[in-house]
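Engineer: The structure that follows is given in the form of structure tokens.
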Amino acid sequence: MDSSAVAVAAPLLEAGGKEMRHLGRTAHNMSSSSLRKKSDTSLVRKVPCAALRGFLSTLQEVLFGTKLFVLFPAVLLAVVARYMRFGQVWLFVLSLIGLIPLAERLSFLTEQIAFYTGPTVGGLLNATFGNVTEVIIALFALREGKITVVKCSLLGSILSNLLLVLGTSLFFGGLANLGVEQPYDRKQADVSTGLLILGVLCQSMPLMLRYAVSAGEHAVNSDDSGLVLSRACSVLMILAYGAYLYFQLKTHRQLFEPQEVEDDGDDLVSEDEAVLGFTSAMVWLAVMTVITALLSEYVVSTIEAASESWELSVSFISIILIPIVGNAAEHAGAIIFAFKNKLDITLGVSLGSATQISMFVVPLSVLVAWVMGVPMDLDFNLLETGSLFLAILVTSFTLQDGSSHYLKGLLLLLCYAVIGVCFFVLRRRSADGSN
């Protein structure tokens, strides 16, 4: 091949390679990458043993390749507090703090694996591990029969993504970009809000069935008809989520590709190539998942003690506190990109996470509870379901025109504050004994 042909082909190959590298990236990846930083490997390079040098380099990348590395000591302190019996409230607080960097590292490791598996499998991995913290907390709560904790924590995650994360992002992003147009792609928002409406419809049907039967308007064949209806709706919700993944990863991938972000001169890492090997990423993913499961078990087992000590209901802690702390890393990334006027990434994080929890994690919890013999249904009670429906409605109206400003964010934040105050004053005791 002559020099002129090489000159013509080189930029095309570079552009194609760049396109292939970004095909597997999602808004969640872009959000988490905003919290990553370059690791200083000068000391590691001086280690004479190659095997030890490789291990230390990987360890440094996993533990110190994030701006949240200062929170990792909370993981060790939580384990110490558990075995030294420092008190259940301390264990609850330290476990929640420890979950913050773990959630960000899980996102990092799944992205590293996606470099070797391709965009489709990488997208499925991101869909599976995108809200792994909520899934693990739900599983441990189900094992202990704490159905209220499961429902409230999942409801709180949806509400925090729709109102708190999106509201904060639009508010501060609007203030930081006054006088500048803040557009976003409505197509992605329309798909997510449509799925969220389907999810709240499925959650409303068991609730309406219960009230219709109790009012004497209708009769059912058995006392567990609401539970049967919930399980049937859960299967349909998971099928709908599978169709959504096929839509997102195959037929309409271009709608969900994140915006390119210019290098602004900070110490962010380049995401164009993997920094970990496939085996190392898999091993560390397993290790981080186990540690996340351990801290999640601590959170579930100590939530009642924290409730009594702080004189707060379990519902308030599950709906407000746990989602805020558990998703803090992802939320911070969404806000950072709103400052940069990259609202498609912000919407991808908040709406994408809310959609995944509503259409996948919630029905999965119902089906897993069925296997475990736990009678969990989709009846989240009137106050909870009404709050979710109104939150989806407000979010849908807020995003209908394709542009943003700070007042939209303020309205979403005020809606979240109203719901938070409502659950703060709530002191109702649930069927399984939790407040």
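Please read every residue number as a count from 1 along the shown chain.
Each Cβ is built from the backbone N, Cα and C atoms, and glycine gets one as well.
Just so you know, TrEMBL annotations never went through curation; they're auto-generated.
So TrEMBL lists the following for this protein:
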- 62-80: transmembrane segment (TRANSMEM)
- 87-103: transmembrane segment (TRANSMEM)
- 89-249: domain 'Sodium/calcium exchanger membrane region' (DOMAIN)
- 123-142: transmembrane segment (TRANSMEM)
- 154-175: transmembrane segment (TRANSMEM)
- 195-213: transmembrane segment (TRANSMEM)
- 225-247: transmembrane segment (TRANSMEM)
- 281-300: transmembrane segment (TRANSMEM)
- 281-422: domain 'Sodium/calcium exchanger membrane region' (DOMAIN)
- 312-339: transmembrane segment (TRANSMEM)
- 345-370: transmembrane segment (TRANSMEM)
- 382-400: transmembrane segment (TRANSMEM)
- 406-426: transmembrane segment (TRANSMEM)
Engineer: Taking contact to mean three or more C-beta pairs under 8 angstroms, with sequence separation of 6 or more, is the transmembrane segment (87-103) in contact with the transmembrane segment (225-247)?
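Structural biologist: No, these stretches are not in contact.
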Engineer: Among 62-80, 195-213, 345-370, point out the range having the most Cβ pairs under 8 angstroms from the transmembrane segment (382-400).
Structural biologist: 195-213
Engineer: State the residues, same chain only, that lie 6 or more residues beyond the ends of the transmembrane segment (225-247) and have a CB under 8 A from a CB inside it; answer 'none' if no residue qualifies.
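Structural biologist: Non-local partners: 123-124, 127, 191, 195, 198-199, 202-203, 205-206, 209-210, 213, 355-356, 358-360, 362-364, 366-367, 370, 375-379.
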Engineer: With the transmembrane segment (345-370) as the reference, which stretch in 62-80, 154-175, 195-213, 281-300, 406-426 has the largest tally of C-beta pairs below 8 Å?
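Structural biologist: It is 154-175 that shares the most Cβ pairs under 8 Å with the transmembrane segment (345-370).
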Engineer: So are the transmembrane segment (154-175) and the transmembrane segment (281-300) touching or not, going by 3+ C-beta pairs under 8 A with a sequence gap of 6 or more?
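Structural biologist: With fewer than 3 qualifying Cβ pairs, these stretches do not touch.
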Engineer: Which listed stretch (195-213, 281-300, 406-426) has the most C-beta pairs under 8 A with the transmembrane segment (312-339)?
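Structural biologist: Selected stretch: 406-426, with the most Cβ pairs under 8 Å.
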Engineer: Are there residues at least 6 beyond the ends of the transmembrane segment (281-300) whose Cβ is under 8 Å from a Cβ of it, and what are they?
Structural biologist: 58, 62, 75, 78-79, 82, 91-92, 95-96, 98-99, 102-103, 105-106, 109-110, 112-113, 116, 129, 132-133, 136-137, 140-141, 144, 146, 149, 274, 322
Engineer: Tally the residues of the domain 'Sodium/calcium exchanger membrane region' (281-422) by DSSP class, grouping H, G and I as helix, E and B as strand, and everything else as coil.
Structural biologist: 119 helix, 1 strand, 22 coil
